[in-house]
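Here it is: the structure, laid out below.
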2 protein chains.
Amino acid sequence: MEAIEQRIKEQGDKVRSLKSSKADKDVITAEVAALNELKAELKALTVNDPSAAPADKPAKADDKKGKGGFTLKNAKGTKDYTPQEMAVREKIFSTIIGVFKKHGGITIDTPVFELKEILSGKYGEDSKLIYDLEDQGGEKCSLRYDLTVPFARFLAMNGKEYQNIKRYHIAKVYRRDQPAMTKGRMREFFQCDFDIAGTYDSMIPDSECLRVLSECLTALGLGDFTIKINHRKILDGIFEVCGVPEDKIRTISSAVDKLDKLPWADVRKEMTEDKGLDPKAADLIGEYVLLKGGAELLERLYADAKLGTNARAKEGLDDMTTLFKYLDVLNVTRHVSFDLSLARGLDYYTGLIYEAVLEGSAPPTLANGEKARATVKKGTDELDESTVGVGSVAAGGRYDNLVGMFSGVNKKGQPNLVIPCVGISIGVERVFSILMQKQKKEQIKSNEVEVYVVGLGGVSVEARMKICTELWDAGIKAEFAYKLKPRTQNQWDACDRDMIPFAVIVGGDEIEKGLIKIKDMRSKDESQKGGIEYPRTEMIAEIQRRLAEL
Amino acid sequence: MEAIEQRIKEQGDKVRSLKSSKADKDVITAEVAALNELKAELKALTVNDPSAAPADKPAKADDKKGKGGFTLKNAKGTKDYTPQEMAVREKIFSTIIGVFKKHGGITIDTPVFELKEILSGKYGEDSKLIYDLEDQGGEKCSLRYDLTVPFARFLAMNGKEYQNIKRYHIAKVYRRDQPAMTKGRMREFFQCDFDIAGTYDSMIPDSECLRVLSECLTALGLGDFTIKINHRKILDGIFEVCGVPEDKIRTISSAVDKLDKLPWADVRKEMTEDKGLDPKAADLIGEYVLLKGGAELLERLYADAKLGTNARAKEGLDDMTTLFKYLDVLNVTRHVSFDLSLARGLDYYTGLIYEAVLEGSAPPTLANGEKARATVKKGTDELDESTVGVGSVAAGGRYDNLVGMFSGVNKKGQPNLVIPCVGISIGVERVFSILMQKQKKEQIKSNEVEVYVVGLGGVSVEARMKICTELWDAGIKAEFAYKLKPRTQNQWDACDRDMIPFAVIVGGDEIEKGLIKIKDMRSKDESQKGGIEYPRTEMIAEIQRRLAEL
C-alpha cells in the first residue's frame, strides 16, 4: 500500500510539472489518466480489496469485514456486468459473430477447466499465472489460460472428424495477473477467437483471417486501424544472419517485441546487458527490425546480401509475397503494415504473425516531437503502458505444431496427427472499454420491452394482466406494474426509465366499452398526450403495425 | 470398479428376468437404459477416467498415459460441445431468451468464481460439492455452485440501483458430483435462471414466473408438461399441526420431497427410523402430503379442523388463493397441479415453490399397475433414478431472505437490505439431452454459409477469392476452397456436407465474358444441373433475391 502511495505522489508531481511547463495537452491527459488509475488501485486496496497486497502476503480478510461478518465484494480481478454493460457486450459479440459466420465459422465449446498437464509447458514464463483448482481428491485441474490450447486439445482428440474446421469461440479465460481494472486488464476476461484448421495451400486461410479481422474492426466502428504483419521465419532468418545463437532466438525475439513501447536504445540494452547478446549482433538486428512498409519492402529484403540468401528468411519472404497478392484481392492491403519489429510473445507461432492497433489509441506526441513511449515501472521489469494508449486490439498468427504436441508421437518420433492452424484473437475487453466510454450509461437501453400496460382510474390488476397476456400471446414484449393499485406517475416513469416506445392505456370506463388507448411515448405531439382510442379487438394489429414502423 | 461390475451383473439378471416374464415393454426399456448407463459408467472408469475411483482415493493418472506421456481427455464430468451440439444448444438458449425478453428480462453476468465465504453456509449438506481454487496466495475462492447466490450477492452490493430487476442469466455452474454423463449430470453444466426481484404485491410476480416457465417449455417443443406447485408456509403449517419439532422441519421436509420417486412407506420409514420422528406424526403427515389437485383443494384445506386454524398454513393458503386467480387470467392453470408432496431441497425458499415435469418422461407403469418408483442404491443413500425418466426439467420458488443474508444487519439485528425474490431455473442440460436424442447428428446444420464459390476448368484461386470478396462485401455468407487447384468433386462435396443452398460457379471461358452461373443445390431439376447463367454484374442481386425466398 505504501508503494502505491509513493507512486501516486510521484505521478502527481509529474502532472503538476507538465502542467506548469505547458506541455502538450495529450501528454497531460495521458499522465492524468495514469494518476487516476493509481488512485483507483489505491481505492480498491483500501475499500474493497484486503488481498490486493502482493500475492505472497496472505490477505487479512477479517480486516475489512462489515458488521455482518461479511466481505461483500467480487474476487480480485473479476467484475459483474450490469444490464447496461451486458447490452454493449452482447452488441459487440453479435457484431463479431456475424462476421465469423459470414466466413463459414462454426462454434465449439470446451470446459472452463482442463487437466493441469494439458496446459503445462504451453505458456513459457506465464505458466505461473495459471489458476489451479484445489486438490480435493481426483484429478489435478487448472482454469483455462486461453482458448487456443483447449482448441488444439479438442482437435487432437477429435481430429479425424475435424481435420478441417473454421471454428470460433468466445468465452472467459483466467490469469492470475496483477489486475488493472481501469484499463480492462482483469483476472477473468473474455477471449474471442477465430481459427482455421486444416492442410491447405500456402497463405490462403492466412489471408482470409486478415480479411475477417479487418471486417470485424470495421464493423465494430472503432475508427481507423493498422494491422502490423510479420513472419516468424523472416525474424528467425534475421537472427540467424545477425549471429544470434539458436538458444537465444526466442528471448531476443521477445525483446524485439517491445519495440512498439520502448525506444531502440532500451531494447538494445536489454539484448546486450540483460540477455548477453554480442553488441555487434544487436546493431545488425537494429538495421533490420526498424524497417516497415508495404509489399515493396519485400524486394529490398530479397535483395539484401545476407538475408536474401538465408533459407529460412527466403521461405518467409515467399509466403509474404503470396500473402500480399491475396490481400490485394481481398481489399485489405490498405490496412496492413509489414513491420519487422513485430515478434509476438507466444512460443507456438510458426509463420505469419499479426497485431492490430487502433489509430485513435496511438501514443501522444511529446513536447520534443517524439511519440510518447512506455517506461519501465520502478523496481519491476513491467512496462507502464499508461502513456501509450490501449495498445493492440487483436492479434494472431499461424501455429502448425500445437495440435501435434497433444497427439503423441509415432516410432519415428513424429507427431501422430498434424493439423496446421491459423487464427485471430480479438481483445474484446479493450473493445468493450472503448465502446463503453463512448456512450452515457443512462442512454443504453438494456431491455427490449415494446409495450407498457398502464392502468388508470382504479382498473384491476387482472385487467392489466389480461391485456399483457394477449400481447404476450401475440409475441409482443410487454410489462405491467406488479402492484394492485399502482400510482399513475410511477407507471409513466417506468416507461420513460426503460425507454419503452408504446403504452397501452386501460381505464375504468373504457374497459367496459371494449376500448383501449395506445400512446406513442416518444411523440411530443400534445394532442396525442392521452393516447389514441382503439377498439380492444384491434389492439394487437395496431401495435404490430406501429412496431413494424420502428 | 468391482462394485459397478457387481451392479451390472445384478441389473443384467433383472432385465433377463423381466424379459422372460414378458413384463411391460416400457419397464423393460427403462431397465435396459439403466443397464446401459451402468455399462457406460464402467467404460468411463476403464477407458477414459483413471480418477473415477472414489474421490478420497487419489487417481493414478500415469496408468493411462499414451506413448507421448499424455492423458488426452477432458477433466472428469466435463465435456466439449461439437459444432452440431452447439447449434442445438444455441437454439435452446435463443428460444428461452426470447421468452425472457418478452417479459422484460434483462441480463447480468457474474464471475465464474466468488470469494469462498460468499458461498459458505448457503447449500447445506451439498457444500461438500463446491470446487475450491488452490490457495496460490491471496483470497480463497470457489467456483460458483449456482447462479442464485451470486445474484443475491450482486443485489446486496448494488441494491440501491437494482431494487427492482427482472434478470436472466444463462451460465455454467460447477459441482463435484459423481457424474452420470449419459443422463446429462455433469460437473460443469449450464443453469438458466430468470428471477424477479423487488417488493411487490402478493403473488403477482410469482404468477408471471409460472407464465414464463410455461411459455418456455411450450416454445421448446418438449410435449405436455405439468408444473407442480406448493407453498413452504403450508408445508410448515402441516408439520406444525402434525407435531414435528421445529428443529426437524427441514429434514422431514426433505424426506417428503422424495415422494415423487419413492413410495410413501419408504418415506415414512426414513422419517421414523432414520430421522427419529414419532410414527403418529408421520402418519398424520401422510394424510396431507399425498393430496393433490387444483384450486378446489384449497377449500378442503381451509375447512380442515387443524390446518385451517394454523396461522402459517393460513398465510400460505391465502397466497395460493390469490395465485390461482392470476393463473386463470394468465392462461396457465391447465398446466398446474397443486401437489402437497412437493417440498424442494434448498433451504432458502420462503413461499411458493414449483417444479415442472414432462409428461413424456413420467415413470412407466409396472406389471402390477403401479407407476415405477426409484429404488435406493445398494449400500448408499442415493436414489437410483434410472427407472423414473428424466425427472424435473425446471424448478424454482420464492426466496425473500437471501439478499438480506449478504447485506449485514443493523443494530436491531435486522438485515440492512431486504429484496424479496422469486425465480425459475430451467434444466437446460436435460432439455439439451432430450432434443439431441430427437434428431440425427448428420442432419444438424452447424454453419450458416449461403453460397459456395465453385471453380471449374482451372480457374485461379484469386478469381474465386474475388467473387467471395464481392459476396462478403454485400453481407452474403460465402466460402471457397483453400486450394490452388481444388478437385471439382471436392467442391460439390463441401456444398453437400455443409448443406449450403447455393453455388456460384466460375469457369475459365465465362469469367472472361463476365458471366457466372448460379446453382440451387437443393434442386433436383436435371435441366438446371449445371446452374443458370447470369452476367457477373447481376450476381449479388440474384443471390439476394434467392436468399429472400428461402
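Placement of Cβ uses the backbone N, Cα and C atoms for every residue, glycine included.
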Hey, TrEMBL has L-histidine bound by A:D146, A:L147, A:T148, A:Q191, A:D195, A:R344, A:Y348, A:Y349. Any idea which of A:R175, A:R176, A:R211, A:R334 it lists too?
A:R175
Quick one: sort out which of A:46-68, A:506-528 is the region 'Disordered' according to TrEMBL.
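When A:46-68, A:506-528 are checked in TrEMBL, region 'Disordered' belongs to A:46-68.
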TrEMBL lists region 'Disordered' for one of the ranges A:1-20, A:101-120, A:361-380; which is that range?
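Checking TrEMBL against the ranges A:1-20, A:101-120, A:361-380, the region 'Disordered' one is A:1-20.
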Among A:D146, A:L147, A:T148, A:R175, A:Q191, A:D195, A:R344, A:Y348, A:Y349, the annotated L-histidine contacts, find the widest CA pair distance and round it to a whole Å.
22
Might you list, by sequence position, any residue in that chain lying six or more from A:T148 (L-histidine binding site) with a Cβ less than 8 Å away from its Cβ?
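Long-range Cβ contacts: A:D193, A:D195, A:Y348, A:Y399, A:L402, A:G423, A:S425.
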Look at the binding-site residues A:D146, A:Q191, A:R344 and tell me which residue has the greatest number of other C-beta atoms within 10 angstroms of its C-beta.
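Counting every other Cβ within 10 Å of each candidate, the maximum falls on A:R344.
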Neighbour count, 10 Å Cβ-Cβ cut-off, for A:Y349 (L-histidine binding site): what number do you get?
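The answer is 23.
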Quick one: average pLDDT across the domain 'WHEP-TRS' (A:1-56), no decimals.
59
Using DSSP and three states only, what is A:Q191 (L-histidine binding site)?
strand
